[in-house]
Amino acid sequence: GPEETPTDTDSPGEVEFKEGGYGWVVVASVLLVNAHTWGLNSSYAVFLAYYLRSGTIIGSSPLSFAFVGGLSISIAMLVSPAVTWCVGRFGTAFTLRVGAVFEAASFIGASFSTHIWHLLLSQGVCFGLGLGFCFTATIGVVPQWFTKRRSFANSVATSGSGFGGLIYSLGTNAMISNIGLAWALRILAIIAFVVIGSASLVVRDRNKAVGAVHVAFHKDLFKQGNFLLFVGWGFFAIFGYVIVVFSITDYALQMGFSADQGSIAAAMFNLSQGIGRPLIGLASDRVGRINVAALSTLIAGLTAYFIWIFAGTHFAGLIVYALFGMFAGCIWPCVAPVGAEVVGLQLLPSALSLYWLVLVLPSTFAEVIGLSLRTSGVNGYLNVQIFTATMFIVGFVFLWILRSRTLQQWELLG
């Protein structure tokens, strides 16, 4: 209803908008939402490694578990046009509450799962709906509250998913071994519901003040070459990201490390996301958003080629690779600021809506491709590692072309 989008933000007295202030409250609430959506999602690496080895789910194969993880991300992106419409119609807070309900339902459903199709529906589709409603509703909110520090504020908010992933990778592993799989899932359901519900009470958007355009399908954007390059970057970078985030625990176990070491590797990867995203954001505001995104994607590819392949066979080497994790996930702190450079702030919600729609394909099949490239033995992950690294490098090439085109356009404008 109307009470959910406070109108005080566009009263005449606030024409001179000062950044910060309540904006930091919004950053904190979006950080918490990210911790309990993307953060919980990256703890699926621990569930995946458990499912692959426990044999408790009837009718399952390694690929079907990979598909559950892929679905959870791709369904989130698939519903983004619907969520974009929902935000425009009912406001951000209401949309968040819908997400909280889906997410709690998914974990409770998963806790009773015995067959693989139960998991596909609960931890796959239903979690994806929750993730989509929460994430699409909040991703455009933080940039509205900031101008000079936009990338920094945005990346502090997205760092929540890193810290959430850190806590929940370790926590999930501990809960599964102490109280069993079912109760681990139920406790996650309760926590997610409470935290996201609370965040929905304090988050506020400035959609009216900014004049945000919430069009679900803005087809004309595909006629812009720069937008296509922007989408191309995401298309390939997400392949690499999804494979790394879901495979790292299983990779550790395949190398002969313990389950605890596997969850520590996943936790370090997430810690790097948490600490690294604000750093990437700070750099973006100083050095240029497209420059930093391109460089980060390149580093993600090079570290996969050189550190993961050559040093990953030792636990210390794997930890070093995991600590470069912030570059693998650079798409998250960079996507909104780079998108704003490409299409402008007003069209950003519509541009992101299309962007996520295109990313449905790679995020559904990334981990399926990853696990199908996996063979047995110590070098079993070599094909996966090469594929991952190559995806990042291709993504980098798209951004580099975008960068040179943008520079040319600026020169033409003088």
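The backbone N, Cα and C atoms fix where each Cβ goes, glycine too.
Database features (TrEMBL):
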DOMAIN    226-414  domain 'Major facilitator superfamily (MFS) profile'
TRANSMEM  22-51  transmembrane segment
TRANSMEM  63-83  transmembrane segment
TRANSMEM  116-140  transmembrane segment
TRANSMEM  152-171  transmembrane segment
TRANSMEM  183-203  transmembrane segment
TRANSMEM  227-248  transmembrane segment
TRANSMEM  292-311  transmembrane segment
TRANSMEM  318-340  transmembrane segment
TRANSMEM  352-373  transmembrane segment
TRANSMEM  380-402  transmembrane segment
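Contact between the transmembrane segment (292-311) and the transmembrane segment (22-51) is not supported, since fewer than 3 Cβ pairs fall under 8 Å when only residues 6 or more apart in sequence are counted.
At the 8 Å Cβ threshold, with sequence separation of at least 6, the transmembrane segment (352-373) lacks contact with the transmembrane segment (152-171), having fewer than 3 such pairs. Counted over residue pairs separated by six or more positions, the transmembrane segment (227-248) shares at least 3 Cβ pairs under 8 angstroms with the transmembrane segment (63-83), which defines the two as touching. Between the transmembrane segment (318-340) and the transmembrane segment (152-171) there are 3 or more Cβ pairs closer than 8 Å, counting only residues 6 or more apart in sequence, so the two stretches are in contact.
Within the same chain, residues 226, 229-230, 232-237, 239-240, 243-244, 247, 251, 254, 290, 293-294, 297-298, 300-302, 304-305, 308-309, 312, 328, 338, 342, 369-370, 373-374 sit at least 6 positions outside the transmembrane segment (380-402) and bring their C-beta atoms closer than 8 Å to a C-beta of that stretch.
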